[in-house]
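Quick notes on the structure that follows.
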Amino acid sequence: RGYLDNITAIGPRTVGSPENEVLAVNYLLEQIRAIERESTDAHKLSVDIQRPTGSFSIDFLGGFTSYYANITNVVVKLEPRNGAEHAVLSNCHFDSVPNTPGASDDAVSCAVMLEILSTLSKSSEPLQHAVIFLFNGAEENILQASHGFITQHEWAKSIRAFINLEAAGVGGKELVFQTGPENPWLVQAYVVAAKHPFASVVAQEIFQSGIIPADTDFRIYRDFGNVPGIDLAFIENGYIYHTEYDTSDRILTDSIQRAGDNILAVLKYLATSDKLAKSFEYRHGNVVFFDVLGLFVLAYPARVGTIMNYITAAIAFLYLSKKVFQPKTRAVHNLKKFLTAFGLTLLSWVCSMVTVLIVAVFVSVIGRSLSWYTHFYVSVFLYGTAAAATLILVHTLVKKFFYKNVNEQYLGDIFFDASLMIWSIALAVITQMGLCSAFICTLWVAFPLLAKLMIHKEFSQKGATMKFVMMYMLGMFVPYLYMMYLSWTVFEMFTPIMGRSGSEILPDVVLAGFIVVITMILSSYFINFIYLVKSTKATLITLTTMFVVTLILVGSGIFFPYSSDATNPKPKRVFLQHTSRRFHDLDGNVVKSDSGIWINGFDYNGISHITPHVPEINDTIRTPCEEQAPFCGLPWILPVHFMFRLVKNWYLPAPEIFPRSPIHFKVLSKELMPWNSVRLSFEVSGPSHMSLYVRPHEGSALSTWSLGDGIPVASLGGDYFVFYSHGLQATPWHFWVELTVPEKHSDGIVSLAVAAHYFFGEDQKSPQLYALLERFPNWTFSSGWSCTYDLFVF
């Protein structure tokens, strides 16, 4: 706790700032020295400060290249007295996003690691392997420090596995959301050692599909270090992640204790495990793992899962075919009836999905998007009721007009079988795709089928008895309970992400889609009850009334999306950059220049809610795209242009800014190379964060450069993006680009722009920016900084 309070008390720790490079580093070193003084003779403790310089390309956010100079890593190695050949790594980062205290992301993890280092070093039991603690000082700069460590530090070669401690929220339980690649022994280590396990292969498959706009150091260790690991993150309350509200008082001591218990136990287990030394022998195979209500974790090899899944599906298909093809004389008749029920179930799902998505699009069009962001229940009342009502309505109409005088028991039976068939097909397909999450389908086939076989006699008698209903519910209990638990975890992670996923995605459509899918899953074996009950009228009227009332309330705007509630804020994220831009022509003359405050609302609502408070930010000042410049001539800090529509961007005219440490950009040389190539060499010096944007002109192509591995990686849209950062001191940045050139090039061969970002210190906020930020309502988190932008043509 004390460690956490002290780290966050330093304030925002942006790479390159004295807070990050000096104060945080000194604090860590003091604590490590204090721990060293109290350590027992069983251990040897070494400390190293690494200041790496390097470059790499990454396909995150559409792809870009990263260059870092003189950033900081604090590395501690705890090993047996006579040394160790193999090591396990524990990783946290002490830097934070600009303008935030970064308690949960990621100071709390560094606090936990200091505590674990202290506990292990005081223990008299010697370790078998070394434990390396990396306090990395540049993760928010898109994983730079971990790259510097794993590719350049001499201790990196001994690492056989790692644990990465991250955050996607503030506090709560820390979720294991990726493991591997492969290396099933690592998951087993977590399962055996962790005291309060919370892990899900479903989270892993969601995260690795790339639909969450986030990445962690796990990726660097996996791709550049070839080391397997475990990735943990706090996921509760993502609403305040990366905002000024990420303070230490919001993280409960229980939550820190729990994380500490888990990670200490797993590290200790790995550091005394024989498998760590021979990890490459155990590297093959994936694992299906999931926790049961946070009580314990079930884990088994994926190949065992595959066999179980196929056997379960086969038994279900056998059961179904036996029902359809007996007696043989009625086989064709039975098959027709069965396929009709199967088709009708799918039809009801499609109707439900279409209805709800129409509602979601309507809500977005009338400007009432995210009305559930602060009031989560609104989404259930709006989309859940619509989904359920549509399902019930379709089946009620079918029962009334299509199956006029058919025995209800028979219909209940056949619709149960149709649901079983859908789940069995899903099980076979998802298993075939190689997804570990197929275990969910196994639950939805095995348990209902067991229940059905146990109460088969009850099904054939007239009238659904109480006993039948009880047995039926009992059979559904396990898959239902697990599905509700899983849905809650998924919602807890995804709802906050909708507030920072850009203005391109319609958050209501995404959430509504989720709710429909969950409604379909939960209703799958209850559709048959619609055919067993006398009337669904009361249910339909209730659901429809709830839906209509909620829709009217949402339309009226009574549910304000954001909240400034002190105990539980849910702010709107807005980014403001006070920018001065200069566009140069081929001869180096300034052909256009302007200054303004460039405003980005981070969600679909743009600034519609802010205009009443700050009237000059309105739709008349939308940002124009400078077509001839890369990335529309805007000083993006990251290549996230594809997440934002330019109509949801504003550019408020403002006076020019004159930073105390302006950027210096000069061309060192232009050389003609063989094969029609031209090499341009540059030197740049400026603040700790700079962005470079490159666009080859028509006919030219960027063939190679001195960055990354030499192969340029284009961003979405075809321009090239380089993210540059440096620590406290850095020599000027030298780089070259090589282009293949056409015969005729009267208008130059390449446009190259460079932006300088001032994230801290006296250049960070101009008086105009300060004044504007002051006027923003208290339910916003507005992050502001100054930047300059220069475009050149060569």
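Just so you know, the numbers here start at 1 and follow the chain as drawn.
Cβ atoms are placed via backbone N, Cα and C, with glycine included.
Automatic, uncurated: that is what TrEMBL annotation is.
Since we're looking at a predicted model, the values are computed, not measured.
TrEMBL tags one of the stretches 425-447, 540-562 as transmembrane segment, and that stretch is 540-562. A Cβ distance under 8 Å defines the sequence-distant neighbours of the transmembrane segment (468-491), meaning residues of its chain 6+ beyond its ends; these are 175, 200, 202-203, 206, 235, 292-293, 376, 440, 443-444, 447-448, 450-452, 454-455, 458-459, 514, 518, 521-522, 525. For the domain 'Endoplasmic reticulum metallopeptidase 1-like C-terminal' (569-792), the model's average pLDDT works out to 92.
Packing against the transmembrane segment (511-533) from elsewhere in the chain are residues 345, 348-349, 352-353, 356-357, 359-360, 372, 379-380, 383-384, 387-388, 391-392, 395-396, 399, 403, 408-409, 411-413, 415-416, 418-419, 422-423, 444, 448, 464, 476, 480, 483-484, 487, 490-491, 494-495, 498: each is 6 or more residues past its ends and has a CB under 8 Å from a CB in it.
Remote same-chain residues near the transmembrane segment (372-398) are listed as 344, 347-349, 351-353, 355-356, 359-360, 363, 491, 495, 498-499, 511-512, 515-516, 519-520, 523, 527, 530-531, 536, 539-540, 543-544, 546-547, 550-551, 554, 559-563, 570 (criterion: CB distance under 8 Å, separation of at least six residues from the stretch ends).
Long-range Cβ contacts of the transmembrane segment (540-562) within its own chain (Cβ-Cβ under 8 Å, at least 6 residues beyond either end) map to 359, 363, 366, 368-375, 378, 381-382, 385-386, 388-389, 392-393, 396, 570-572, 605, 609, 779-780. Cβ atoms under 8 Å from those of the transmembrane segment (292-320) belong to residues 173, 184, 187-188, 190-191, 194, 196-199, 285-286, 338, 417, 420-421, 423-424, 427-428, 431, 436, 438-439, 441-442, 445-446, 449, 453, 481-482, 485 of the same chain, restricted to positions at least 6 beyond its ends.
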